[in-house]
Structures are given as C-alpha cells and as structure tokens.
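K.L.:
Dropping the structure in here first, questions after.
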Amino acid sequence: MGLKIVDGSIVHDNLTSSSPPSVTNSSPLLNTKRRNSITSLSDYKKNKDTLNNSNNNINQPFENSNNFNNNSKEIKNENKIKNFFQHLFSILLLKNPTMIQIIETLELSTNIYNIQFKLKYLLAICVSSQIIFKSSGLLITLLVLYLGTFFNKISINNKDKNKNNNTIDYSLKNNNIDTSLIKDINNSVISNNSSNSNNNNINNSNNNNNNNNRILSPNQLSKSSNVEYNKCKCKSPTTSSNNYLSSSQSRVQTLSSPNISPCNICVSPNLLYNSLSSLSSSLPINSCNYSMSEQEGDEFESNFDFEDSQYEESDEEDNSSPAFHLYSSPNLRVACNKISTFSPNGRKLGTN
C-alpha cells in the first residue's frame, strides 16, 4: 500500500508497495506540481488549525452561556429546595397549634429551691445529663428537680398558714375591740337603766309615802279596798264579862286587818285604817269600852270632813242603805253595844 500525489492531493495506492513515494526530478512539471502540493498541504493544515480555532472561539460563548444556564438551573433548584424546607418548617412550627404550645411551654418557668428556671434550660440539663451520665444521670437529675418542686410546695404552704394566722389574729383583735366597745355600751345602758329604775323607785316610794300619809275615811277605805265583812262577837260594856252577843247579834268587821281577832275586842277606827294601808306605825288597841273625849272626837271628825266631801256625789246611793249609816255612824266610835243593835243588812235586832 502506497501513497500517491494526484493533483496536489495525497491518494492511497493499493497497487504500489508500501515503500515511500519517490520523487523524481525527470521533468520540470512534476517538480512544480510537487512544490504546489507540498505548499498546499501545509496551507491546508494551517487553514484547518485556524478554522478549528475560529470554531472554538465561536463555540466558547455558547459554551459559556450553556455553563451559565446550567449554573443558574442548579441555583434555582437549590433555592426551590430551600424555599420548600422553609415553608415546611414554618407550617410545622408557626401554624400548628401543638408546636406553638410546645414553644410557649418551653418559655415558661418554675420555682425549684426558690429559684426560677425556664423549662428549656431544664430540658437542656436533662439531655446533657443523659448524654454524659446516661440513664442513671437522667434519673438523678429528675429526682433532684422533683425534690426541689416539693420543697417549694412546703414553703408556699407555710407562707399561706402564716398569712392565715396573721389574718385570724387581726380579726380576733378587731373582735375583741368590738366586744369591749359593746360591753362598755351595755354597761352604760345598764347603768342608765339602773339609775332610771332607782329614780322610779324613789318616785314611787315618795308617792307611796304621800299616799300612805293621806288620811282616808272609813267609807273611802271600804270602797277602795273592796272589803268583805265578817261577823265577830263583841263584849258589851254594860253587862258582865260572861254575857256575850249571840251569833245573830254581831258586828261587821273587815277580813283584811291582821290585828282583828274574833274575840270580844273592838278596834278603833285609826287602827283599822292603819292596818288596811299596811303602815309600819300602829295605834294602841282598846277594848270595847273604848271612849273618846269630845275634843278628840271633834278633831277626828274634822280630819274626815274634807275627804268625805269629795265622795258625797258618788256615795249618794250608798248613803241610802242602813249598813252605811251603821258603819259611818259616830256612835260606833263611842260605844260598841250600839253596833250590835243592827245586822249587816241594816235590820234592827234589839238591845241587850
């Protein structure tokens, strides 16, 4: 296999041997062709190189643009991935209520041994103890934290008890002050009431003394005290001591007088008045032959004249009865034998 130069170009020749072509210098035309072919080959190589370089120069901006496009695509893909993860993270943390609650709880704080700790710091302590000391360290830290919270509860309860005791003491003091004021007021009221009662007692005693010092007639005594009458035997002054009045011939006496006995003793009008009015002073008791002088009788009658005049109008009906004349007769104070001549209804029974 050999090479031939035909028209300035190299052509393979299968018929010829592989020996290098021989160039003869037999003719001048061949020499010129040979020279042209050599020059054309060198020019061809140069032109080819220049064309390749020019093509490379032309293709470089395209390659640069392609590289830029590839780089921009890679950047866009990375940004898309970042945006996706950011969006997903924002959805998980900000829009999920459970995540929001978790974040808020991590920001909370608790008192442990009277010191405030945030939960995120406590969580970091637990995680670090787990990493360093493993499970035993985690259990010890949790136990210490629990004891700290228990200590805080005890201290808070003690503070509450002290506050309650202080409030109770304050309320008791106020109640004692109120009770003392009430006692003072009650004592003042009691003293005022006692003074008023004493004044009323004094006034009542004075009125009673005035009423007791007032002299009432036998008619007034009998009407004011609603006296009932009872029969009593009386001794006659003219007859002997053994001669007594019969049961029908009796005198009217009052049951209210404690000094009157059912024996042969007559009572003076002054003693009857004093016994009915419950006075302490008493007059001497005389027997039935009690007599009064004319001056004493006049004075005694003058004492009753004024008071008897006040009851004249009210006593008009009673004056008509014989018993009234019997009881109000002045002869009753002179002798007892004249009383026996009348019964309680005014009927004349006869004389001894």
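The backbone N, Cα and C atoms fix where each Cβ goes, and this holds for glycine too.
Heads up, here are the entries from Swiss-Prot:
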{"type": "COMPBIAS", "residues": "50-72", "note": "compositional bias 'Low complexity'"}
{"type": "COMPBIAS", "residues": "193-213", "note": "compositional bias 'Low complexity'"}
{"type": "CARBOHYD", "residues": "Asn14", "note": "N-linked glycosylation site"}
{"type": "CARBOHYD", "residues": "Asn52", "note": "N-linked glycosylation site"}
{"type": "CARBOHYD", "residues": "Asn70", "note": "N-linked glycosylation site"}
{"type": "CARBOHYD", "residues": "Asn165", "note": "N-linked glycosylation site"}
{"type": "CARBOHYD", "residues": "Asn186", "note": "N-linked glycosylation site"}
{"type": "CARBOHYD", "residues": "Asn192", "note": "N-linked glycosylation site"}
{"type": "CARBOHYD", "residues": "Asn193", "note": "N-linked glycosylation site"}
{"type": "CARBOHYD", "residues": "Asn203", "note": "N-linked glycosylation site"}
{"type": "CARBOHYD", "residues": "Asn289", "note": "N-linked glycosylation site"}
{"type": "REGION", "residues": "41-73", "note": "region 'Disordered'"}
{"type": "REGION", "residues": "193-219", "note": "region 'Disordered'"}
{"type": "TRANSMEM", "residues": "131-151", "note": "transmembrane segment"}
K.L.:
For Asn70 (N-linked glycosylation site), list the number of other Cβ atoms lying within 10 Å of its Cβ atom.
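P.N.:
There are 10 such Cβ atoms around Asn70 (N-linked glycosylation site).
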K.L.:
Can you tell me how far the Cα of Asn70 (N-linked glycosylation site) sits from the Cα of Asn52 (N-linked glycosylation site), in Å?
P.N.:
25
K.L.:
To the nearest whole angstrom, what is the C-alpha distance linking Asn186 (N-linked glycosylation site) and Asn165 (N-linked glycosylation site)?
P.N.:
31
K.L.:
Between Asn52 (N-linked glycosylation site) and Asn165 (N-linked glycosylation site), how far is it from one CA atom to the other, in Å?
P.N.:
106
